[in-house]
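S.K.: Annotations per TrEMBL:
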- Asp82: active site, proton donor (ACT_SITE)
- His83, His180, His209: Zn(2+) 1 binding site (BINDING)
- Asp106, Glu136: Zn(2+) 2 binding site (BINDING)
- Gly181, Gly210, Cys211, Ser212, Asn231, Ile232, Ala233, Thr234: dihydroxyacetone phosphate binding site (BINDING)
Amino acid sequence: MPLVTTKEILTKAVAQNYAVPHINISNLEHFDTILSTAAKLKSPIIVAFTTGLIKYYGDEILEGLCSAASKKYQIPFAVHLDHHKDPKDIFTRIKKNKYITSVMIDASLVDFEKNVAITKDVVEFCSKKGISVEAELGAIQGTEDDHSSADAFYTDPNLAIEFIKQTKIDALAISIGTVHGCVTKLAPSLDLKRLEQLRKTTTIPLVLHGCSGLNDEQIKTVVSKGIAKINIATEFKVVFHDGLVKYLHEHPTETDSRLFFGAANKNVKNLLESKIKLFNSENKG
Ligand SMILES: [Zn+2]
């Protein structure tokens with residue numbers, strides 16, 4: 001099916017109170033496993049490319065993947081550029097890859113006025129092409145792929161209202177205590193009151209990044225309180241790595257990469273199935 005925007009996917013998620021998984025793609029194997037698993041459970045899905053992934057494979061390979069997947073899988077899915085900091089990068093990528101339906105401009109580390117100005121530029125460009133724009137207000141701590149931030153600044157609900165009004169973005173990434181790159185399951189303390197206030201005072205879909213470190217109860221709580229898009233990257237990298245290491249440890253002379261990648265992908269598939277059920281996005285595609 002033709003790809004859809006995250007705006008379309010998330011509007012439905014907000015209305016029906018479930019969350020859509022946003023998975024950062026690490027490699028080519030990973031891409032197809034994510035899509036085929038979502039298709040099996042009929043869940044909408046957002047596959048995300050970071051600048052690091054694009055640098056690694058190049059635009060042509062990634063466009064080819066998106067094109068093939070749009071023919072093969074009959075579920076609503078969006079191809080999203082994650083944590084792009086330079087609007088020029090976004091504009092170049094969109095010109096090169098006609099399958100991109102969604103972008104995130106992350107100007108969260110500059111001051112409010114500059115964040116508004118940069119984000120507005122991206123919205124102006126993307127809205128003409130029917131591409132959704134997510135932006136971040138506040139800053140999420142931690143490291144994820146080629147993106148890192150040392151300090152966390154929680155999202156101010158009053159500024160969020162102003163930010164959305166001025167920029168006309170389609171979705172807002174908020175900072176309420178999650179950490180990028182965290183899989184310790186130490187249950188980061190979440191500012192749920194802030195989330196409730198943000199949900200009450202804004203109308204667009206709210207996005208939570210850095211969710212690898214949240215336990216199942218926390219995920220259920222943030223979904224029930226209105227988070228419509230949940231970004232997960234690190235947890236998928238960890239299970240892929242663990243599957244690969246275990247298989248090669250048990251079969252040290254195996255040279256058929258389809259077998260050891262197959263074992264790694266099985267972990268990815270199982271993890272995504274559990275997330276789709278937890279987010280309640282099964283059969284919503
Ligand atoms: Zn993120």
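From the backbone N, Cα and C atoms, a Cβ is placed for every residue, glycine too.
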S.K.: Which chain-mates of Asn231 (dihydroxyacetone phosphate binding site) that are at least 6 residues away have a CB under 8 A from its CB, listed by sequence?
M.R.: His22, Asn24, Ala48, Asp82, Ala173, Val207, Leu208, His209, Gly210, Cys211
S.K.: Just checking: which of His83, Asp106, Glu136 have a Cα that is within 10 Å of the Cα of Ser212 (dihydroxyacetone phosphate binding site), counting only these binding-site residues?
M.R.: none
S.K.: Of Asp106, His209, Cys211, Asn231, Ile232, Ala233, which binding-site residues come close to ligand 1, meaning Cβ under 6 Å from one of its atoms?
M.R.: His209, Asn231
S.K.: When you rank His83, Asp106, Glu136 by Cα distance to Gly181 (dihydroxyacetone phosphate binding site), which of the binding-site residues ends up on top as the closest?
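M.R.: So, of the listed binding-site residues, the one sitting closest to Gly181 (dihydroxyacetone phosphate binding site) is His83.
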S.K.: Highest Cβ count within 10 Å among the binding-site residues Gly181, Gly210: which residue is it?
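M.R.: The residue with the most neighbouring Cβ atoms within 10 Å is Gly210.
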S.K.: Want to know which binding-site residues, from His83, Asp106, His180, are within 10 Å of Ile232 (dihydroxyacetone phosphate binding site) at Cα; which are they?
M.R.: His180
S.K.: Please give the dihydroxyacetone phosphate site's span as the largest CA-CA distance among Gly181, Gly210, Cys211, Ser212, Asn231, Ile232, Ala233, Thr234, to the nearest whole angstrom.
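M.R.: So the binding residues stretch over 11 Å, Cα to Cα.
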S.K.: Just to verify a number: CA distance, His83 (Zn(2+) 1 binding site) to Thr234 (dihydroxyacetone phosphate binding site), in angstrom, no decimals.
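M.R.: Approximately 15 Å lies between the Cα of His83 (Zn(2+) 1 binding site) and that of Thr234 (dihydroxyacetone phosphate binding site).
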S.K.: Which one of these binding-site residues, His83, His180, His209, has the sparsest Cβ neighbourhood, judged by other Cβ atoms within 10 angstroms?
M.R.: His180
